[in-house]
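Under the heading transmembrane segment, TrEMBL lists 6-26, 38-57, 69-86, 98-117, 146-166, 178-197. The feature domain 'PAS' is assigned by TrEMBL to 237-282. Per TrEMBL, the feature domain 'PAC' maps to 306-359. For 363-568, the entry in TrEMBL reads domain 'Histidine kinase'. For 565-603, the entry in TrEMBL reads region 'Disordered'. Annotation comment: TrEMBL describes 567-580 as compositional bias 'Acidic residues'.
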Amino acid sequence: MAWQYTPFALLYTGVAVVVAGLAAWVFRDRMTAGSRPLVGLLAATAFWTFCAGLELARTDVVGQRVFANATYLAIATLPVLFLYFAESYSGQETPLTRYGPGPLLVVPAITQLLVWTNPFHHLMWARSQLFQAGAVATPPVLSGSWFLVHTAHSYALLVVGSYLLVRMLVVSENVYRSQAIAILVGTFTPWIANALYLGNVVSFPFDPTPAAFSVTAAAFVLAIYRHRLLEMVPVAREVARDELMDNLVEAVFVLDDDRRIIDYNQRAARIVDDGDESLVGRPVAEACPELEAVIEEAADADSGTQAVSTELALRRDGKLRYYDVQVTALRRAGGLLTGHLVSLRDVTEQRQREQRLNVLNRALRHDLRNEANVVLGYAELGKQNNPDAEWVDAIESHISGLIDLSEKARQLEQALDSEHVESRRLDAVDVIETVVDEYEADRPDVEIETDLPETAHVSAIEFFADAVGNAVENAIEHNDNPEPLIEVAVSAWVEDDEVAIEILDNGPGIHEEERAVLLRGRETQLQHISGLGLWIINWIVTESGGTVQFQENDPRGSIVTIRLPVSEDEPDEQEADDAVAETAEGKVDAEPAVESWAQDAHS
């Protein structure tokens, strides 16, 4: 047996030992995603490099041919192993592996057969004589026709696997990006060397690919020990994203800049309802024309990366479904538009429930008010016939309470209507003074004191006066003190950018159970609030971006503290006057109603 001890043979052997050691190390963490195909990849690399070293160490044609043929056990299967590693590591699948490794191993299997039988057909190599390059005897390099098939197959798989890693490199965060760079460097270096060798771009006396595996070894050592390749793999994140997408209550479409669908979840597929046909690559205008109009509308709005919200009605299977749609522009660094993220939440049941509640609410309020006014009219007639009857006064008191409850329900409906919740600049002092003047005129028996600055501009919705009015009314109506006293004070904390409004009374106070209900935000059968006034205060202030607090007064009574953000806008006195005027118009004037219904009843 003739051997030649060359530096390259020693280098190849050393690289093979290092790569084999890496394979053994990775095998210890074989349960980590991507580890098993990586073990195969590293083991095949070590085998190729080791056999290539032995090939260079031989000086006879037969010996070199045996080891050269042996390298093809690894060379032919490496691209398949690399593709499986790229898929497993990145969490992305390709159609190439849909039917398992069998179809991908057909070409490698034929290659193995032709490698060992080449002297009979020369389909792998055209010549088999030995060349002398300086002190190194090298094997033949002239290729046969099947060698080209083998090369094309190998590079095709390498390109697909590299694409998966490059794609992950683009979208991943820094820790995964560093891993991907190390893997790509370790992968591309030997294959670039191989391509240069096969293309005769650079003259080498022998295939330099195994020597380039030294870079592969260094890159994978860096990826494992520096970038935690075996501890943190992006596949878990990709799988989690897929699982999250499929379990979202929203239908989600991801579109490219040409508005073609590039990703979607199962709920989105059910909306389009195209059977089992994939939607990927289809224009959204073709898959769902109604959605195209919404996206066009969002594009015209040009809101940057902010989501544009709208509503959409789609008829599917003969039924009309309502969706809340959000369209978000996807942009790269520099603001370049790359696509859109479109989500649709089915709100059909919610819309139907709201419609039914609105109809029921209006019908009940209308009927309640009408019937109460009829009873109030009869009570007025009864009072004319029995001026000293206490039962008439009791009827009037309770019916007025029902009418007042109906009015509060109207206020609540307006305050919670999404079309009326935009905050604007209001002068809290003007609003408070108007509300106090009205109640002083209605209840001269109640003393109302105020401690107000000249102005206090706040940001609040237009129904802010209703909140103040309900707080004052609650302090008056529930006050059982022989000398009822109401104090309204306004203070401003500039450092906190908010204005505080305090309504104090000397009545029985708000029960602790009711304060707990307000704090919890919901009622139960056993714990609830009498009336709607406190809820109206709470919701109006909350919609205005403020807070409300209910406390005990000392020694007796309650303190309602409303805190609202200071408005930095220019004053708009007309808006403040309108808000106060709306409250004044909303107060129930029972006398005309009594006269009208009394006349109708009398006739």
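Glycine is treated like the rest: Cβ placed from N, Cα and C.
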**Report entry** Whole-number mean of pLDDT values that fall within the domain 'PAC' (306-359)
**Finding:** 77
Query raised in the report: Out of 38-57, 69-86, 178-197, which stretch touches the transmembrane segment (146-166) the most, going by CB pairs under 8 Å?
Result: 69-86
Query - Long-range Cβ neighbours of the transmembrane segment (69-86) (under 8 Å; 6 or more residues past either end) - result: 34, 37-38, 40-41, 44-45, 47-48, 51-52, 55, 92, 94, 96-97, 101, 104-105, 107-108, 111-112, 115-116, 150, 153-158, 160-162, 164-165, 187
Query raised in the report: So what's near the transmembrane segment (98-117) in sequence-distant terms, Cβ-Cβ under 8 Å and 6+ beyond its ends?
Result: 69, 72-73, 76-77, 80, 83-84, 123-124, 146, 149-150, 153, 157
